[in-house]
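Under the heading D-glyceraldehyde 3-phosphate binding site, Swiss-Prot lists 50, citing similarity to another entry as support. The feature active site, proton donor is assigned by Swiss-Prot to 83, with similarity to another entry given as support. Under the heading Zn(2+) 1 binding site, Swiss-Prot lists 84, 198, 232. Here Swiss-Prot flags 105, 142 as Zn(2+) 2 binding site, drawing on similarity to another entry. The annotation dihydroxyacetone phosphate binding site is assigned in Swiss-Prot to 199, 233, 234, 235, 275, 276, 277, 278 on the grounds of similarity to another entry.
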């Protein structure tokens with residue numbers, strides 16, 4: 001099966017009531033781990049790369065790694081997604097490099113640091129939608145800024161994240177604005193701000209509704225029942241992996257991620273894409289530290305890279321099962337980008353709100 005657009009997977013997930021983890025990648029071992037887990041669980045795959053990941057791996061290397069995954073696992077539908085595009089040009093370059101889905105994050109200006117106005121966000125996102133949909137490529141937008149409801153601070157990821165602190169009005173997606181944004185931009189998926197942030201240090205305590213607003217997802221889904229919602233910064237930060245890292249020389253302080261059961265609540269309320277990166281980074285780091293500590297004379301990189309694949313594969317397989325993704329890859333049929341482009345042109349995939357549907 002060739003690379004497929006994100007919309008194909010999210011539509012299937014919505015029809016069948018499950019979510020799909022979207023795993024960030026920048027090297028061979030990560031891609032191998034994800035695809036091994038997907039094959040093990042019969043799960044569709046969303047691979048995503050940030051601007052930093054594309055620079056690190058190199059465009060040609062990354063593109064061919066993804067094509068190798070498609071060739072090796074022809075039975076698995078795979079999406080290649082641009083994560084947090086800071087400007088239309090970033091999204092267009094991703095499309096030129098065979099990405100089948102892009103995120104135009106207009107919640108921040110092009111410097112990826114300054115919170116943007118609603119009007120700016122709508123304009124740049126709509127610009128990308130017009131170009132991408134003409135090619136059958138899916139588009140994710142974002143409304144609200146990712147950051148902590150405890151501190152008001154964000155966590156930059158590959159240079160993407162606001163500086164300073166924001167208030168709750170900026171850190172929580174407004175349901176009314178969400179309706180206006182989706183109708184004005186026609187995005188395929190909407191990333192919402194509910195108190196999650198990038199990195200391992202998301203919460204200082206086990207999150208409750210006060211600092212993790214799953215109820216905001218429920219309200220947005222009520223207003224936009226046919227819009228695919230996205231949770232960013234949704235690693236669960238497993239305690240056992242942190243303990244293993246620290247056992248072998250790490251110094252990660254106590255921290256809390258997004259509990260799986262809270263993500264499952266979100267999936268029941270329209271969340272179809274769940275972004276995960278930190279959990280896999282922790283798995284790789286734990287494996288490498290353990291392997292090096294147990295055999296300090298070893299200098300063959302394969303000695304510690306092989307365990308990193310195994311540890312990350314375990315995390316990915318667990319998320320596929322926990323989110324209900326498992327068992328669905330074989331049920332999804334190939335649909336070309338050209339077919340999706342025709343559907344967009346005919347208005348068959350237009351986004352509408354619950355209120356508009358009643359008119």
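Cβ atoms here come from the backbone N, Cα and C positions, even for glycine.
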Residue 142 (Zn(2+) 2 binding site) and residue 234 (dihydroxyacetone phosphate binding site), Cα-Cα, nearest whole angstrom: 15
Residue 277 (dihydroxyacetone phosphate binding site) to residue 142 (Zn(2+) 2 binding site) - Cα separation in whole Å: 18
Assigned element (helix, strand, coil) containing residue 84 (Zn(2+) 1 binding site), judged by DSSP: strand
Whole-number Å value for how far residue 84 (Zn(2+) 1 binding site) lies from residue 105 (Zn(2+) 2 binding site) (Cα to Cα): 5
Spatial neighbours of residue 276 (dihydroxyacetone phosphate binding site), counting only the recorded positions 50, 83, 84, 142, 232 and Cα distances within 10 Å: 232
Alpha-carbon spacing, residue 235 (dihydroxyacetone phosphate binding site) to residue 83 (active site, proton donor), which is rounded to whole Å: 15
Winner by Cβ contact number (other Cβ atoms within 10 Å) across the binding-site residues 84, 232: 84
Collapsed DSSP category at residue 233 (dihydroxyacetone phosphate binding site): coil
Reduced DSSP assignment, residue 278 (dihydroxyacetone phosphate binding site): helix
Cβ neighbours of residue 276 (dihydroxyacetone phosphate binding site) where a neighbour is any other Cβ within 10 Å: 26
Residue among binding-site residues 50, 142, 232, 233, 278 with Cα closest to the Cα of residue 83 (active site, proton donor): 50
Alpha-carbon distance [residue 142 (Zn(2+) 2 binding site); residue 233 (dihydroxyacetone phosphate binding site)] in Å: 13
